[in-house]
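Residues or ranges marked as glycoprotein binding site in Swiss-Prot (evidence: similarity to another entry): TYR108, ARG111, TRP115, TYR145, GLN154, ARG164, LYS176. Sequence annotations record features per position, and here Swiss-Prot assigns compositional bias 'Acidic residues' to 284-294. Sequence annotations record features per position, and here Swiss-Prot assigns ubiquitin cross-link to LYS85, LYS95, LYS131, LYS176. Annotated phosphoserine per Swiss-Prot: SER290, SER294, in sequence order. The zinc finger annotation in Swiss-Prot covers 37-75.
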Amino acid sequence: MMAGCGEIDHSINMLPTNRKANESCSNTAPSLTVPECAICLQTCVHPVSLPCKHVFCYLCVKGASWLGKRCALCRQEIPEDFLDKPTLLSPEELKAASRGNGEYAWYYEGRNGWWQYDERTSRELEDAFSKGKKNTEMLIAGFLYVADLENMVQYRRNEHGRRRKIKRDIIDIPKKGVAGLRLDCDANTVNLARESSADGADSVSAQSGASVQPLVSSVRPLTSVDGQLTSPATPSPDASTSLEDSFAHLQLSGDSIAERSHRGEGEEDHESPSSGRVPAPDTSIEETESDASSDSENVSSAVVAQHSLTQQRLLVSNANQTVSDRSDQSGTDRSVAGGGTVSVSVRSRRPDGQCTVTEV
């Protein structure tokens, strides 16, 4: 059995590096003071401290939060705004990373700007680029990404549809931040900058542009008789003339209605919307439909009158045919003209529908 001092020394060696940093040890190298991440099992890149005091990489916490808003070790709930306002262990390290160690750095495209890769991913990209590789794989927030160094795009290995541009540029170009962490600490900016993807791309400005849609596009264009499209906002100069003509046609007698019945339905439909009030450019669809419905009622009343007149003429024609058939059977020759027309009109109004033949 080991001595008590040996057990203590063994347990200290098994502690994470961040706990070794609290101990005063002369043979500990400065590089070992960087905490280790329990998610990616590597040294932390931009370490953040959760409310439960557990330390992880910022991107590792971000990827794990998609599965559940809880700590990966103790399962304590993570606040909703933690990714917007993370608690960095060393904010100076973020500023130093943005300045870089060399002349060039690697960036990926975001909305309204470029994000700089974290130091570890930048080293992997630079190493693959210097060796002339066509592509390389990167582990970001628990997802495997493929960097296409020929087309300068990145995408998830299991989802090729979502692509993002990447580039190799000088270190001093304007940038939004590093690995999803903004360089500016303005509270208003941070609240609006909710990052939605693992590689730190934001999607706030997309909602403001997509919500604005023109109202005029929802108005249906009018179709004229010759098949051309006319816009309600640009009426023809003869609109007032066609308005007077349409009402004049509606007030004609039965003969005029009979002539109207030979016209096509397309002409009636064309007169209804054009005979309404001339709409302004900002006229809504409801106003256009109400004007069209008022004219359609006038046209429908004329159609009903024409329908009743047609039925009366059909009854007269059937009665005339019945009289001529019976006159042939009795052997009496009659002419259709003369009193036949008068007798037919009387017989057609009888309720029983029977006709009696009176010889003259």
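Count begins at 1; order follows the chain as displayed.
Backbone N, Cα and C atoms are what each Cβ position is placed from, and that goes for glycine too.
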For TYR108 (glycoprotein binding site), what is the secondary structure state per DSSP, taken as helix, strand or coil?
strand
So, three-state DSSP: helix, strand or coil for LYS85 (ubiquitin cross-link)?
coil
Taken over the zinc finger (37-75), the predicted model's pLDDT averages 89
Looking only at the binding-site residues ARG111, TYR145, GLN154, LYS95 (ubiquitin cross-link) has its closest CA neighbour at ARG111
Between the binding-site residues TYR108, TRP115, TYR145, the one whose Cβ has the fewest other Cβ atoms within 10 Å is TYR145
Cα-Cα distance linking LYS85 (ubiquitin cross-link) and ARG164 (glycoprotein binding site), given in Å to the nearest integer:
25
Reading the DSSP string in three states, the entry for LYS131 (ubiquitin cross-link) is coil
What whole-number Å value do you get for the CA-CA distance of ARG111 (glycoprotein binding site) and LYS131 (ubiquitin cross-link)?
31
